[in-house]
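**Q** Encoded as structure tokens, here's the structure I'll be asking about.
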């Protein structure tokens, strides 16, 4: 940060001199504003960078012809700031304006055209429009193949970028093929231990990781680390990233002690290389906590999660979505520990942040809401289980009622001493027979109605639906089936039951289908989200 301050001070002093010595719209003033913006961009002060880039563009519009290449450069630089700010539509608009100028100002296969297509692809990639990103990256590659030597490093960059899009699209074999081509070029074009070779091995490992081929991923990550150790200073942040990635593979292989060792090495480097409250430290503590959680060492896991949150509160704005993630992770740990009230409190804090930082339909917000609901419902079930004795009492009263019924029957039987045993048995036999007949008829009515009422939920025509529910229609139908003694009142009751039963079944099936779709979507988003946290 100190070097940036010095550079900024120097550029601002230069600007003050130019303002005195040059006309107000001289091109050199535009260059000074451009350089100041460049430093602000590197410092992460994007609003100041944008302001200086726009001032540079204003001067160039006055001082230069309408399609001068420097105007294209200005639009490109403004776009890159918008990209960093996450305002992708504005970035895309500026990049397309830059491309228009470059097409007029430069030859059809000039390398700057390739750069324009590459940057447009990068924004599409960030927007998740992978097919458009792929198309622009491939156009960039086509131009570079014509404009540059066959093993130029920029060709390797193009193949690398294409591979990364294929990886996001889940086309891992194509991604791997492009990455291997990129690596081949870099091996020829670059020194043996160049950092870009480490990047190639890292990206190849990442694809193997997503393919679930952990041993191959581990081998490539370790090769990347070997090169990094030679090419970079001892405590360079990229080495921390390498250790972090190796740890992630061990974590997925279930080798938690090795994962913990690599995560801790990554953290050690980051503590030396980065400011004390750098966001990457939150990632390290978060990942270490996840390993401790898997090892069942919940107190250590909680300590690491809380350290991650503590740094995050300083490193991020108050309602940054990463803070919501940390609260979510703490909540999940409390849930594993059986401390449900604390888990609920952390989830509610996570939800509060997400409501301020992401749209209401964002999958992370939906997921936290679901977890809160599940946690509350689990508490409700516990309370319900505590109330179960009262339910048992209700069952006992039902059994007592049945017993009393039998006693009344025996009492009734004793009052008919004058009847012969044969007559009593005959009455009992006839009563049982009549009851069975009634049950058979009732079952048949239900079967007929239930079969036909399957049409009820799919019948969109109100007139047809009304006809379907007409009692006299079913009365005639049942008479044909030998059920002429069914009263209209009884029939209406059964029909109403069938309608409700059918509607309930259809709603249940619909709910189950929607729940399955929702759970599948949540699992995919969780998987993607957890991967982003670890990398």
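Using the three backbone atoms N, Cα and C, a Cβ is placed for every residue, glycine included.
TrEMBL labels come from automatic prediction, so no person has curated them.
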**Q** Ranges 356-377, 378-399, 400-421: which does TrEMBL label region 'Disordered'?
**A** 378-399
**Q** State the residue range annotated as region 'Disordered' by TrEMBL; the candidates are 305-324, 325-344, 425-444, 445-464.
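**A** So the range that TrEMBL calls region 'Disordered' is 425-444.
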**Q** Take every residue in the repeat 'TPR' (30-63), average their pLDDT values, and give the whole-number result.
**A** 93
**Q** Against which stretches of its own chain does the repeat 'TPR' (72-105) lie, if we need a Cβ under 8 Å and a gap of at least six residues from its ends?
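**A** Non-local partners: 30, 34, 37-38, 41, 44, 46, 49-50, 53-54, 56-57, 60, 112-113, 115-117, 119-120, 122-124, 126-127.
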**Q** Where DSSP helix means H, G or I and strand means E or B, what are the helix, strand and coil counts for the repeat 'TPR' (114-147)?
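**A** So the repeat 'TPR' (114-147) is made up of 32 helix, 0 strand, 2 coil.
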